[in-house]
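Participant: Before I ask anything, let me first share the structure, which is written out below as structure tokens.
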Amino acid sequence: MTNQQDYTQDNDKLYRYLFQHRAVRGEWVRLNKTFTDTLNTHQYPKAVQDLLGEMMVATNLLTATLKFAGNITVQIQGDGPLRLALVNGNDQQQIRALARVDGNITENMSLHNMIGKGVLVITIAPKEGERYQGVISLDKPTITECLEDYFVRSEQLQTQLIIRTGEYEGKPVAAGMLLQIMPDGSGTPEDFEHLTTLAATVKDEELFGLPAEELLYRLYHEETVNLYPAQDVQFFCGCSAERSSSALLLISDEEIDEILAEHKGSIDMQCECCGTHYFFNKEAIEKLKSTRV
């Protein structure tokens, strides 16, 4: 059995790998503290926690395919009790997530019952250049299957996603793998099918509890796999007092004064993503107003 020191060395890491004799590329990611930090800010129902974990892993795997600096947003909108689930991640593997719930969500509620009539939207935003947005119908039982379909339709590349959420040693964990035929056309369907068949045998405890190198050896011990250095993954919200101040400046002085009157002379702004509070008293508000152009 792998000891704790061994398995934790790859907590909150993303790896890329290539098969030396088959034109297929792969990625592996595991979210431990990153996932826990996300869940600690809200009391989400269990089914929503699992969905966010699945979306976070998918977003990490998607951003790892970017060939440029930028970010990807994976967003679900619907008219069911889960109104919104949103994950944003960038090429530095900094990620954040949030959900909005309006209604009762049971532990084993299906994706379709949670969302109702809804869509999955993927937005790719390079730091330089135009944004790309794809809208995907939620016509599959899981987000993972919907995203596999997205890859086939948008990139015309055979892609396998394996994503699992759960607990390991009593703590929340989300992990996943991506296999994709190389875009240069050198890969064969037979090679891809062979590797995906092996990947499909992976067990939850292996994804959650093994270092990447050992996991890949167990799955592909007859293959030559080139494993590249890991990239750290972390929860990163990006909120700040400055951004909260800018948000306040978007409303009129009259509206600000009304809010101050209703809240006994101060405004408490809470970040929806990480839960951080930003307090503005009357003096700070007056100073802020004076900066208006």
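Backbone N, Cα and C define each Cβ position, glycine as well.
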Participant: Among C146, C271, which cysteine does Swiss-Prot link to C274 through a disulfide?
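Facilitator: Swiss-Prot lists the disulfide between C274 and C271.
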Participant: At the Cα level, what's the spacing in Å between C239 (disulfide bond) and C271 (disulfide bond), rounded?
Facilitator: 7
